[in-house]
Amino acid sequence: MKVLSFIVAAALLGLTGASSNSSPGLLKSDGVVLGDWESAYQKASSFVAGLTTDQKLALITGSSVNSTNGSFSGLTFLDGDMGLQNFFYVSAFSLSSALAMTWDRDAIYAQAKAVGSEFYNKGIQVVAGPTSQPLGRTPWGGRIVEGFGPDPYLNGLASGLTAKGYIDAGVIPGAKHFLLYEQETNRTGGGGGGGGDSGSAPYSSNADDKTLHETYLWPFYDAVKHGLGAVMCAMTKVNGTLSCQNSDLLMKHLKTELGFPGLVWPDTNGQSSALESAVNGEDYGSSSIWSTSTMETLLSNGSLSEARLDDMAVRNLMGYYYVNLDNGLQPEEQSEDAYVDVRGNHSKLIRENGAKSMALLKNKNALPLRKPRVMSVFGAHAGPVLGGPNTAMDIEGSGPTYQGHLATGTGSAQASLPYLVPPYVALTNRIIEDGTMMRWVLNDTYSSSSTSGLITEGTDSTAVDPSFADYATNSDACLVFLNALSGEGADRTELYNDDQDTMVNTVADNCNNTIVIINTVGPRLMDQWIEHDNVTAVLYGSLLGQESGNSIVDILYGDVNPSGRLIHTIAKNESDYNVKICYTAQCNFTEGVYLDYRYFDAHNVTPRYPFGHGLSYTTFSYSDLNIEKPSTLSKYPTGEKAVGGNSDLWDIVGNVSVKVANTGSLDGAEVPQLYLGFPTAAQQPVRQLRGFERVEIASGKQSQVTFQLRRRDISYWDVPAQQWLVASGDYKVYVGASSRDLKLNGTFTVQTSS
C-alpha cells in the first residue's frame with residue numbers, strides 16, 4: 001500500500017451541528033448510538049456543515065482545503081503492524097502472527113502502543129492495521145503471516161487490542177482487508193498476485209451469510225468496538241461484487257450492523273467506478289477514478305446525494321477527532337530519511353515478545369541447552385543475508401525459502417530493520433561466555449570444496465571433503481535452522497521443503513541431539529523428520545523482527561521459559577488440510593466455518609501438533625473447574641444499536657474458572673484455553689475457542705484463572721432472523737492446554753426467552 005494523503009483538520013471554529021441522516025449506512029441513521037464517538041461526530045459534522053460543496057469534494061479526494069472554518073493539511077496512511085515502512089530510525093517489530101502466538105493480551109497491546117508511538121512521533125496519523133484478514137483460510141495463503149490466525153475468537157481479541165493500542169498512542173487504526181481476502185492468486189485478475197492492474201477482474205470470494213458472520217466479520221466486531229477509525233476495502237470481490245463498491249459489505253454489515261463510524265478507503269486498484277464506490281460505502285479516494293470533476297458530475301446529475309457527500313466528509317474526520325489529533329501536539333510529518341529517532345527502548349519489548357511467541361513443540365530433555373562442549377549450527381536461516389538488513393523483497397518469483405535469517409515480511413508487511421540480530425550472532429555472544437566451541441554451515445545445501453576444511457578429532461590435519469555429516473559428528477548439540485517464505489504478491493507453493501528436510505535428516509543421522517528451530521510464514525510440515533530418534537527438540541515460531549536471534553537464544557538457553565502456542569494446526573500431510581488455493585474466478589467457501597482445528601475435529605483428522613499446543617520447561621496441572629452459568633437470556637439481543645454491534649453482545653453472561661498449578665521445578669507461564677461445544681440444534685463445530693489467559697506461575701504455586709463469557713461467545717448467526725441467537729440447551733465446557741489436550745470438562749444449560 002502506498003502512502004496516501006488526504007485531509008485533516010488543523011483548526012476548528014464553533015459551527016452548528018449537521019442534521020442526522022436517514023439512509024442506512026449514513027452516520028446517525030437507524031438509531032446507531034455513537035457513545036464515546038459522539039464528541040468526534042459533533043466536531044466533524046460542525047466543521048463539514050460550514051464547507052462549500054467544492055471544499056467537501058476536496059476533503060474526500062485528498063486535496064488541501066482552506067476556508068473560513070480553518071485549514072486542512074495532509075493526513076497520511078502508512079503500513080503497518082510491524083512498524084513504519086521505508087523509514088530510518090524506526091523499529092522492526094514482530095509480525096502479527098508472531099504476536100498472536102504469545103496468547104498474551106498485554107504483549108499484543110504493548111506492541112501496538114509502541115508501534116503507534118513511532119507512527120505518532122514521525123508525524124503519521126493512520127496505521128494501516130490491524131491486519132484482521134487474511135484470516136488464514138488456507139495454509140497456502142501468501143499473506144497469512146500478516147494476520148492473527150484462522151481462529152475468529154483469537155483473531156478478534158488481537159484485532160481489538162491492536163486497535164486500542166494504536167488509539168492510546170494517538171494514531172488512527174485502519175483495519176484491513178475487508179472482506180474475505182484470503183489469497184494472492186488472481187487478486188488482480190489474469191492469474192496474477194501483484195499489485196498492478198492486470199486488466200481483468202479479480203477473483204470473487206463467495207460465502208454464505210452464516211460463514212460471513214461467524215468467521216470473517218467476527219474479528220471486525222472487536223476492532224470496531226475498540227475504536228477502529230478506518231477500514232481498507234479489499235481489491236477483490238465478495239459474492240460477485242467488488243469489495244469497494246459492495247453495499248452489503250460496507251453499508252449494511254460494516255456501517256449499520258457493526259455501527260462503524262469511520263471512513264472506508266480502497267486498497268491499491270480497489271476502485272473501478274467512482275459512482276458505484278461512493279453510493280455503496282467508500283468514503284475516500286485519491287486515484288483518477290475518484291477525481292473532483294468526476295464527483296461534481298455525479299452530484300450535478302443526481303447520482304450522488306448531498307447527504308452522502310456530507311457523510312463521506314464527516315467520516316473522513318471522525319478518527320482524527322476521536323484520537324484528539326486536533327490538539328496540535330503531534331510532531332510534523334518527517335521525511336523517510338530524517339534523523340528523528342523514535343525507537344525509545346522498544347528493542348527490549350521486541351526481544352521479550354519474540355521469546356514469548358516461540359512455541360516448544362517437542363523436547364526430549366534436549367532444551368534448555370546446558371553449556372554444550374561442541375555445538376554445530378546448520379542452515380541459511382541461522383545467519384545474515386549477504387546484503388542487508390533491508391532488501392526490497394518482492395515475493396512474486398521468489399523461492400519458498402529465504403537465504404538468510406528471515407525476520408520480517410514482504411510487501412506491505414516488510415519492516416524497516418535498523419539492524420538484525422541473527423541466531424548466529426546471538427549464539428556467538430553466548431558461547432563466548434560459556435566456553436563452547438561452535439561450528440557452522442550457513443546454507444541449506446552444502447557443496448564441499450578442497451579449500452574448506454574441518455578440524456577433526458584425532459588428527460592434526462583438516463578434512464578435505466567436509467559435509468553436513470562431518471560437521472554434525474562429535475557435536476554435543478546440533479542446531480538446524482529452517483524458514484519458509486511467502487508474502488504479498490504470491491501464495492505458497494509448498495508446506496515443506498526438500499532441501500531443508502534433507503539437511504535435517506542428514507544432520508540427525510550423524511548427531512544424536514539434533515534441535516530444529518523454525519521461523520515460518522504459516523503452517524510448516526515436519527513429518528519428513530519429526531519421528532527421527534535423534535531429533536530431540538523442535539522450537540517453532542513466526543517472524544520476530546530485529547531482535548529475532550536474541551529471542552530464540554533466550555529460549556534455547558532457558559533464560560526465558562517457553563510459553564508460545566500454535567495459532568494454527570500443523571498437519572501430518574498436505575492432504576490433511578481441506579482448503580487449497582483457488583485458481584478460478586469464483587472461489588466458493590464451501591467449507592463454511594470449518595477452518596483449521598474446526599475441520600480437523602469435525603472429520604476426526606489427527607494432527608501432528610494441534611491448535612494451541614506448546615510445551616514448557618516446567619509442568620502444570622489443572623483442577624477445580626467451576627461454572628457460573630448464565631441466567632435466563634433473551635433469544636435475541638435487545639440492546640441498542642451501537643458502535644461494535646448490538647450492545648447486548650458484549651454483556652458478560654457467565655464465568656468459567658479453573659486452578660492451574662506449576663508442578664515443576666522452574667517458574668513458567670501456562671496458557672489455559674476454554675473451548676465450548678454448542679447445543680446440537682445450533683449446528684456448530686465440535687469445539688470453539690472462547691477464552692484463554694496467559695498466566696505466570698512460580699514453581700510450586702497455583703493460580704485461579706477465570707474466563708468471562710460474553711453473550712456473543714454463546715451466540716450463533718440466525719440467518720432467517722438476521723440476528724445473533726443464543727441457543728437453548730446444554731453447552732459443553734472444555735479447559736485444557738490445546739484444542740486436543742483437554743484437561744477438564746463440564747456442562748451448563750441455557751434457557752432462553754422469546
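A Cβ is built for glycine as well, from the same backbone N, Cα and C atoms used for every other residue.
Features as listed in Swiss-Prot:
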ACT_SITE  D267  active site
COMPBIAS  188-198  compositional bias 'Gly residues'
CARBOHYD  N66  N-linked glycosylation site
CARBOHYD  N69  N-linked glycosylation site
CARBOHYD  N186  N-linked glycosylation site
CARBOHYD  N239  N-linked glycosylation site
CARBOHYD  N301  N-linked glycosylation site
CARBOHYD  N345  N-linked glycosylation site
CARBOHYD  N443  N-linked glycosylation site
CARBOHYD  N512  N-linked glycosylation site
CARBOHYD  N534  N-linked glycosylation site
CARBOHYD  N573  N-linked glycosylation site
CARBOHYD  N588  N-linked glycosylation site
CARBOHYD  N745  N-linked glycosylation site
REGION    186-206  region 'Disordered'
SIGNAL    1-20  signal peptide
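When the C-alpha distances from N66 (N-linked glycosylation site) to the glycosylation sites N239, N301, N443 are tabulated, the minimum falls on N301. Comparing CA positions across the recorded positions N69, N186, N239, D267, N301, the one lying closest to N745 (N-linked glycosylation site) turns out to be N239. Cα of N69 (N-linked glycosylation site) to Cα of the residue listed as 'active site': a span of 31 Å. When the glycosylation sites N443, N573, N588 are ranked by how far their Cα is from the Cα of N239 (N-linked glycosylation site), N588 comes first.
Distance from the CA of N345 (N-linked glycosylation site) to the CA of the residue listed as 'active site' is 33 Å. Rounded to a whole number, the distance between the Cα atoms of N443 (N-linked glycosylation site) and N345 (N-linked glycosylation site) is 33 Å. Counted over every protein chain shown, other Cβ atoms within 10 Å are most numerous around N186 among the glycosylation sites N186, N345, N512. Nearest neighbour of N573 (N-linked glycosylation site) by Cα distance, taken over the glycosylation sites N186, N301, N512, N588: N588.
Checking Cα-Cα distances from N512 (N-linked glycosylation site) against the glycosylation sites (N186, N301, N443, N534, N588) with a 10 Å cut-off leaves N534, in sequence order. Within the set of glycosylation sites (N239, N301, N443, N573), the lowest number of other Cβ atoms found within 10 Å of a Cβ is recorded at N301. Closest by Cα distance to N534 (N-linked glycosylation site), from the glycosylation sites N186, N301, N443, N588, is N443. Ranking the glycosylation sites N186, N301, N588 by Cα distance from N443 (N-linked glycosylation site) puts N186 first. Cα separation, N301 (N-linked glycosylation site) to N186 (N-linked glycosylation site), rounded: 36 Å. For N534 (N-linked glycosylation site), the number of other Cβ atoms no farther than 10 Å from its own Cβ, over all displayed protein chains, is 19. Looking only at the glycosylation sites N66, N69, N588, N745, the densest Cβ neighbourhood within 10 Å occurs at N69.
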